[in-house]
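> Below is a structure I'd like to ask you about.
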Amino acid sequence: MSSDEDDLDLNDDTTSQLDNATDDGDVMDIEDPLPSARSSPAPQQELMDTNTSHRQRLCLCISPDARICRSYDCVAAIHPNPIYSLAATRCYRWIFTGSDDGYVRKWDFFASMNGKLLLTQAQRHQHVESVSMAGVLSSWWEHEEHPEPVAKIEPVDSTGEESAGTQAVQGPLLEPKASPVYSMDVHAEALWMVLGCDNGSINLVTVRHEEGKCRNVLRHHKGPVSVLKITPSETGVISGSWDRTVAEWDLHTGTIVRSYQGHNSQIASVAFQPIYTPYVPTNTSKDTQDKSVLDTTDNPDSAQPTDPSLIWDQKNPDILLTTSVDGQCLLWDRREPSNDARKLGVPERTPPWCLSACWSTDGTKIYAGRRNGTVDEYDYASQKHIQTFRMPSNSGPVSYVSSMPNGKHLICASNDNVRLWDTSLDSAFTIRPGVEQEFVKPSKTPSVIPFIILPGHHGGVISHIYVDPTCQYMITTSGNRGWEGSSTNACLFYDISPVV
């Protein structure tokens, strides 16, 4: 195993990484001959007051332009390896990928975005010309599943005479073996992470110190753990498995505090509802607007944003969305453990299949990708189907969906391409309830194309799409997660530039 520096303080060296704006708050464009090598801020060490034990808090706010922009300019950056799972620290200092070869790889995100390492000719062969830079691999370790010790029965004879009873003692420990990394999630500051194994166990490993060392094993599931999601308080984790069960764990005790019963197929995704505050643009002066974004006093610990609408990644810990491969989308209220889940109905003539579902930025809508190349939009309050977005012909199943913070753009990943979809446009690709999919009524604007294609992935299943809290970067990975479908064996980093 290769490792980097041992004592790394993520709060100390990352606050300046996301600061690529000019003094007036606008995003700074840097000219570069290669689109895939756009300059990104390099990590720097923040100065700290040695007389205080408090660490400077990391404030991740998106640019106001990202909330009101019309579109996004996404440029491919790097190409790593085949991936089943993906995780990132909150500041995106470190990116973790897990693949079917049983290895967890740790990538230096900002060194990768700076574009100092080129792909080989063989690696560039299957990608577009803009994908020319390779990721910077920091370290890696083998992901091992630890079999449960086998108990054996031995006779008890304390008197030296005939056996008076039996007792269970621990048998020989079985050798651990490598397991595909079906799922993972990481602590916001990379103190620890959880990894899903093939045998149904969950490994809790340390990351910052003694990297990759397994500290505890959570055992409950009987099949591969396909989904892991750390709760917003980071004191628990939600796990979903191929055994059709969803469990909530208390990481303080390592026990299950609640089981979510209701799915009839393998669990595909889990997502908490976002906490949304509307952003209202104002025509105030530049100094006043900058102060409203970040108010800093003499105490660096009090540097917090005064405008909550610019904090995009806050989650509601009470509302949970779970999906399964058979198309079921269930809504759970964690405050009411005795109540059953609310179910989102599958539209008519829609195959029962779903690998990914996501919330809209304001938490009022839910989007679910389907096998027939469509994305269904639901209303959260009424659980009713609103409309359907149909991908072009022969696009293949929609394997992943993710919403953008301006409230109208949706990223849809199908077998042919990754598309940035404008849900506010009415076009021939929009299907309203009650309209037969085989006989779609022509739109008044048939020439309107509501999407743009993001270069990079082509001809494979997309396993994950991540957008960082500042909405400056996006990561997409390709892999079938152990299910059917081909893979391009690629992970791409994108640079997002709001177009106002």
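Here the Cβ of each residue, glycine as well, is placed from N, Cα and C on the backbone.
What you are looking at is a predicted structure, and each value in this text was computed from that prediction instead of being measured.
Straight from TrEMBL, here's the annotation block:
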type     : residues : note
COMPBIAS : 1-12     : compositional bias 'Acidic residues'
REGION   : 1-49     : region 'Disordered'
COMPBIAS : 21-32    : compositional bias 'Acidic residues'
COMPBIAS : 37-49    : compositional bias 'Polar residues'
REPEAT   : 76-108   : repeat 'WD'
REPEAT   : 218-259  : repeat 'WD'
REGION   : 281-313  : region 'Disordered'
COMPBIAS : 294-307  : compositional bias 'Polar residues'
DOMAIN   : 295-496  : domain 'Transcription factor spt8 beta-propeller'
> Quickly jot the same-chain residues contacting the repeat 'WD' (76-108) by Cβ under 8 Å, restricted to those at least six beyond its ends, or write none.
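That would be 10, 13-15, 17-18, 36-38, 43, 58, 60, 115, 119, 123-124, 127-128, 130-131, 133-144, 178-190, 193, 195-196, 207, 211-212, 313, 454-456, 463-464, 466, 468-469, 473, 475, 477-479, 481-482, 487, 489-495.
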> When DSSP states are grouped into helix, strand and coil, how many residues of the repeat 'WD' (76-108) land in each?
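Its residues divide into 0 helix, 16 strand, 17 coil.
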> DSSP-wise, what's the residue breakdown of the repeat 'WD' (218-259) into helix, strand and coil?
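Within the repeat 'WD' (218-259) the tally stands at 0 helix, 24 strand, 18 coil.
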